[in-house]
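Per Swiss-Prot, the features are:
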ZN_FING   71-92  zinc finger
BINDING   C73, C76, H88, C92  Zn(2+) binding site
Amino acid sequence: MTEETITIDSISNGILNNLLTTLIQDIVARETTQQQLLKTRYPDLRSYYFDPNGSLDINGLQKQQESSQYIHCENCGRDVSANRLAAHLQRCLSRGARR
C-alpha cells in the first residue's frame, strides 16, 4: 500500500477545487432556473441575435449610423446630431444660465 503524502499544497488544491465546483454548480442551477422561468412567462421569447461581423444589432437588423440620427433640442429648437448632443446640451444650457 502506498500512501499519498498529504501536503499543504495538496490540501489547498482540494479546497480550491471544491469551492470552484460548488460555485459553478450554483451558477448553473440559478441560470437554469431563470431560463425555465423566462420560458414559462414568455413562451415566444427569442434570444438575441449575434453577428460576428458586427454589422447587425441584437435584433438582427442593420445598425444605423449615429450621425444619421437627429434629436430635437427642446431648449433652442434645433435638430442636433446624436453624436454631438452632449456637447450641444452643455453649450445650450449654459447659455441660458448666463441670461
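In case you wondered, yes, glycine gets a Cβ from its N, Cα and C as well.
Sequence-ordered, the extra residues of this chain that approach the Zn(2+) site, with Cβ no more than 8 Å from the Cβ center of C73, C76, H88, C92, are N75, R78, V80, L89, R91, L93. Applying an 8 A CB threshold to same-chain residues 6+ apart, the list for C92 (Zn(2+) binding site) reads C73, N75, C76. Mean pLDDT across the zinc finger (71-92) comes to 88 in this model. Around the Cβ of H88 (Zn(2+) binding site), a 10 Å sphere holds 16 further Cβ atoms from the protein chains shown. DSSP places the residues of the zinc finger (71-92) in helix, strand and coil in these numbers: 11 helix, 5 strand, 6 coil.
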